[in-house]
Structures are given as structure tokens and as C-alpha cells.
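Shown next, in C-alpha cells, is the structure this report addresses.
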Amino acid sequence: MLSRLFRMHGLFVASHPWEVIVGTVTLTICMMSMNMFTGNNKICGWNYECPKFEEDVLSSDIIILTITRCIAILYIYFQFQNLRQLGSKYILGIAGLFTIFSSFVFSTVVIHFLDKELTGLNEALPFFLLLIDLSRASTLAKFALSSNSQDEVRENIARGMAILGPTFTLDALVECLVIGVGTMSGVRQLEIMCCFGCMSVLANYFVFMTFFPACVSLVLELSRESREGRPIWLLSHFARVLEEEENKPNPVTQRVKMIMSLGLVLVHAHSRWIADPSPQNSTADTSKVSLGLDENVSKRIEPSVSLWQFYLSKMISMDIEQVITLSLALLLAVKYIFFEQTETESTLSLKNPITSPVVTQKKVPDDCCRREPMLVRNNQKCDSVEEETGINRERKVEVIKPLVAETDTPNRATFVVGNSSLLDTSSVLVTQEPEIELPREPRPNEECLQILGNAEKGAKFLSDAEIIQLVIAKHIPAYKLETLMETHERGVSIRRQLLSKKLSEPSSLQYLPYRDYNYSLVMGACCENVIGYMPIPVGVAGPLCLDGKEFQVPMATTEGCLVASTNRGCRAIGLGGGASSRVLADGMTRGPVVRLPRACDSAEVKAWLETSEGFAVIKEAFDSTSRFARLRKLHTSIAGRNLYIRFQSRSGDAMGMNMISKGTEKALSKLHEYFPEMQILAVSGNYCTDKKPAAINWIEGRGKSAVCEAVIPAKVVREVLKTTTEAMIEVNINKNLVGSAMAGSIGGYNAHAANIVTAIYIACGQDAAQNVGSSNCITLMEASGPTNEDLYISCTMPSIEIGTVGGGTNLLPQQACLQMLGVQGACKDNPGENARQLARIVCGTVMAGELSLMAALAAGHLVKSHMIHNRSKINLQDLQGACTKKTA
């Protein structure tokens, strides 16, 4: 129950950061102004002489107070160093500084508002600083920084508040009760310090629950564009959030704290209300005397300066101990900001992260990516490590050492993500991480858990064997390895080691690469339980002359002859003057199924949806879910009591499935308000239809509907395609039209459209499974020209499901392929134009592939070309583990 309340509170604070910050500041100013000139008018040193306060201070007291202040400043300094573990000393340092400053101001305002004595503030300031604990702020920031988007930032802050809120509340209560015992001591200085301490704890609690999460949410929101549109917190060293179960408090400790709180409440009640024998008036008089406020002791004087000048002079005038304290604070601040770990600051500067190759420690080197010895700082030799076979052998002492980027890399197999032309290979990147010696044998799980939960240490202080040990013991979920490790790559490496032990052939993963890949773009977006990446050859076909422009089309495939054949088709189209294309329709669909009590009720709902009034109501609800989604059409069908509704809407440059699904849910909720007896069976009732052959996609269309045409001169048909127009038309009729009809095909009136569609989809980060519907195509050929010797060809594709934002298009290699075509990302001037342009390119490339394959079939070259170009010449018996070798 409490966790749910704190979660709701955290979500509200993170979702409205400006309102919370402005409200907190306004409340502070209001409390200060309400009491500044309307409270107690007796101000010692300005309009009253207070002899009680003119006491001689021993030199030993001054020394002790100065030492205490310096310790408090050093404590705060080390707290800020802990915040550096999150990666950015500026973002979190400012947030921590705001927390400290706001807590101090709020404490001062509260005490002033309650008319308390402030003469003990000088002595109590170190006590206040020592009460500040930024560990919880650091933990909450970790939750926020493990996010991939601003929406996830809010959710993670809410989740962090749900976990940390109850614990922090109980701790604040216990601290107040413990410190509050000092207010009953009868010693004036101790009472003032303890009173101030209680106020500080409450102020820290207030700021942590309101100001700090709002500030973190706002800072991350403002910095979301600092890395070319990608959130700055996507860096690997920002994603070190701990497992939720590890953050949850120990129930035994919580029960002890609650029992302690109850006991302290009884102590306070007995001391203040039951055991106090003094009359009320006597108590009041005594308190006045003890605080130096007695009328007979204080003497009124005429102020010589105004009140603000009096306060300003008090702030400016400093003793020698205050000078020492201020000097130490300034020295540490300058050291922290300008001279400490400049390398860390440079790696987090607002430059393109792609231009700086990430140098990380390779835990278990793979032969497939790095075959040369690795260089180590100080000319230290790397220990030879065994291959990733999953077989446990006696481990030597592991040493995590910083690497140097090699400048001489002959015969080096690497995988570079991003714009390699921007890389400066002559620069030497050296991390300043100290060497960490790890034990020979894995330590106990309890010790490993403590190290993992330590903000100053973390997973990098644990060996791979210890991490594997924690995973096997269920202390770390295997699916969260990337999140918990200091780098995503190490998490993938450990998962591979875990998997290798379970495989019949432990060396199976040897040639599946995993290094030098930006997994931060994969996590939470593209794939789970990652064990590497699949390098697929990418060829280029072109130039494709389409609508007066030339395109070099990337195609990822392992089928020989496909790119070459498509390239020949592009050449033929170019020699014929190019192709023309149009987008006929644009609308992604989602087809939910609902059920009503009777078939007649379903008919009534269907009739209502087909009215202009019903459509307007549903459209308003649907369109409210997105600034791009605009409902264009409803197609309904009935099967008994079931009603199938096909929502069709534009989705901008996104493929649009998630966007349309969100709008569909909202529209169904609105429909349920009008027909309460309606039951929603599924948001997808296969009436869309997605990733399945369906006549409705072929007839009604889905995604982008495109058509492309070209005229190929007879000379080009003879010299480039090596056939005749009559032969190609004859094959097209009997193969693509009659043959497909005999097979009962739906949308398969083509030679091999799926080949080209899938190759482009894989290269450009599309959903490869959607080639089922996207490959719907009819290829038509006719004789044209004055002598009917030229070839007219057209391809019509009614359901190209494609997008240029979201999903796999966020990965850098896929973005590179989209940039080749000039359609990467969203079109700012005309939303959706990039996706439509990509659909036209797909249709034009399909036509090029159709042209070349049909020519090969007409000329009888298909089998011959595949025998030459599509058969491996490697002797499989020479390969280790080949089936032919084993059976021989």
C-alpha cells in the first residue's frame, strides 16, 4: 500500500518537474517573507543588547569547531565523489548541490518561521552537513539514468520512489526521534543543535521527496538532445541501476526501526508531558532565561543601521576559523570541477559519441574479432586467456587493466559502428582507471552482493566467475546482466559463458561476434538476452533511377546472385530513362475483435460505427493518442456475435503498429462507454492482418500502397537482359499470372518480390517478418513502342509495411543504410514523406529484380548463373565439426 502511494507521488513529481520546483521555491520564499518582519522584534546586536551571548569562547572550542567544519566539508566532498560514479559530475553534482542548498535554506526558513533561536546556527552548521546523505539521491538518480527515454525516466523515478520512499520515511522518523532526545537535555547549546538537526532531517526529507526527483527529471529532459537526438543517459556507464530486490530494505531492520521508533515516542511522551514537574509558567520563564530572551537581561538600544545592512555585515565579517573553512571549501570545489579526472569529463562532453571509439576491457577475447595481442599501459603483458568454451579451469588472479587503442592495426578484423571517417586512429586513448586485482577463487555470495550494491565499487570489482555464481544462485536475473554490469558488452560476454556450459558443443559461439557493438541502442528496444550480433553481408544495387533521382540501394542477404541480378535490373531501367513511382495510399491498420451478447447487437454497433456521428466519436478518441495518428477509415465485419473492426490510420514516418494499437485501445474504451455490454476479446483479432497472408491486405491495402513503372527499350532488352520482349511477356503471363492463380496464391503474382523486400528490410532496420504482407506484388508486362518491341513493366504493391523511425532503425548500421537512401529519421517538413519515399524505393527495386529474374528465366540462364555464383567452393570436410566429416 505504501509503495503504491510513493510510486504515485514519484510519478507525479517526475511528470511535473517545473511545477514542483517552482512550488518548492515559492513556498520557501513565502515562509521566509511571512516571518522576516512580523516575528520577534528582538534582534540581538541590532536593537537589543544580549549580555548572555557575550560569553568568552575558549580557544580549544574554536579549534574543535574548525576541525568539525572541515570534516563536514570533506564529508560533502566525498559524497560528491560518489555521485561521480554515475558518470557526469556536472549533471548530478548540480542536482546534489541544489539538494544541499535547498535543504539549508529550508531549514533556516523553518527555524525562523517557528521563531527559534538562530545563535547556535554557526555551531550547528557542521552538524547539519554531516546529516546530509546523498546515497539515496545517488540511488534514485541511478533509476533515472537507466532509462532509454523521457517516459521511462518518469517510470523509473516512480519505481525508485516506491522502493526508497518507505525506507527514507522511516529513517527520517527515527533520526528525528533520536536527535530529539537532545532537546530534553537542559543544556542550551545541545538543545539548539538538536533542534536544528531535527529541522535539517525534515528539510532533507522534504527536498528528497519533492525537489530532487523533479530536478533530476528536468535535467535529463533538458539534456535529451545533447547527443544528436539520443538521450545522454544511454551511455553504458550511466546504466548501472541495481536489482530492485537488492534495493528493497531488510524487513528485520525495518521492524527493529519501528520498535525503536515506538520506544522513542514513549520516551518523548513521558519526558515532556508526564515526568515534567515544573509549572507551565515556570517552564516558560526558564526557557526564556536559558535562551537569553528575558526582559530583565536584554536591554533595548537604538539601531544604528538598517536591518538588511546589519544582516549583510554579519555575513561579510568572518573570523579566522571561518576563513579556513571557506578556503578549504573553495579549494575542494576548484579541484573537483577543474582538475579531477578530466578524462572522464572529456568522454562525457557534448560531442558525437560515435567519433570516440569506446575502449573497454575485454573479459574473454574472441578469435573472430581480435587476433592480435592487446597492448597494455606501462608495457604490461596481457595474460593469455582461454577461449570461451564454458569449461571451468583453474583461474589465475584477474587484473582489470586499461587498454591503449592500437595505432598500427595490420591484418586486424574489427567491427566499427558509425562514421569511420571521423575516427582519428593516430590518437591514443588511455583510461585512467586504477588496476583492480581480483581473487583467484570466487568469494562468497554475501560478500559479492555487498560489493555489487556498493556505489563506489559495483560489478567491475567482481570477476566473471563471481557474477556467474550470483546468476546461478538467482541473485542476479540473467536478463539484467547488461544493466548491472559496468558495460553492456561485459554483460553479453557473461551470458555467453553461461550459455556455453549448457550447449552440447561448448565452442558453438566462438564465431558469433559480440564485441565493439553499441548495445545501449539495443537494450529495451530491439532484443533481449543478447549473446552477440549477426554480421550479414550487405551489398548495393544501383544506381536505381527513380523519379528523376538516383539511389544506391543497400541489400542485406546471404543469397548469391540476388544483388547482382537486381543491379542488372537497375542498369536496364537506367538505360531506359528511369522509372516512375507513386504512393497510392498510406494507412497502417489494426483489427481488434469484440463480442456482444447477440449477433443483432453486433449489427447495431456495426451500423453505428458506419454513421458519421459514430465515426466522429471514435476518431476523436483515436486521434487524441498521438500527434501523427489520424483515423481515416473503419472497416467492419461480423461473424456471429463477434465484431471485427479494422482501424486504418496514417502514422507519420513510423511503421505505426504501436501507434495504431494505442489509438485502437483508446477508441475501444470510448466505444465501450456507448455499448457497455460489449466485451473486448483482443486488440488484435487477425483482421489487420499482420505478418500473415491475407486477402484483405491485398484488396484494401496496409501501410503504403505503391506502384512503379518503366519502359525498357528493345535494344536494352537484347543487349543487357539477353532476351526478347516477346519471351519475357510470355513467361510473365504463364508464370506470374497463370501459375500463381493455379497455386491459389494471394498477392503472389510476381517472380521474387520477397527476396528484394526482405534484403532491404534487414539492411534498413525494418521488421523482417513483415515481408509476408509487404511482398504482395503483381508484376505486369506489355509490349510498347512504335513497333511493339519495347517492354513496358509495372509492379503494384498494395501493402508495404515500412518506417524510418523506431525499432531497428535506431541502430547505427541500419541508420547508415537509411542515410544512403536519404530517408533516415523523420521528415520535419512533411511528416511521413521519408517512409513514403522508402516505400517507392522498395517498389522500384522490386521491379528491377523482377526484370532481371524474368529475363534470366526467359533466356534459360537462371540455373547456369546459380551454379556459377550461388554455390560455395569451400570443402566442407575440411571444416571442424562438419557433418560430412563425422560420417565419413
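Along the chain as shown, residues are numbered 1 onward.
In case you wondered, yes, glycine gets a Cβ from its N, Cα and C as well.
Among the features that Swiss-Prot reports, topological domain 'Lumenal' is placed at 40-56, 115-123, 188-191, 276-314, with the record citing similarity to another entry. Among the features that Swiss-Prot reports, domain 'SSD' is placed at 61-218. For Glu559, Lys691, Asp767, the entry in Swiss-Prot reads active site, charge relay system. Marked as active site, proton donor by Swiss-Prot: His866. Among the features that Swiss-Prot reports, phosphoserine is placed at Ser872, with the record citing similarity to another entry.
Structure coloured by features recorded in Swiss-Prot.
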residue : record                           : Cβ within 10 Å
Glu559  : active site, charge relay system : 15
Lys691  : active site, charge relay system : 17
Asp767  : active site, charge relay system : 17
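Taking CA atoms as the reference points, Lys691 (active site, charge relay system) and Asp767 (active site, charge relay system) are 10 Å apart.
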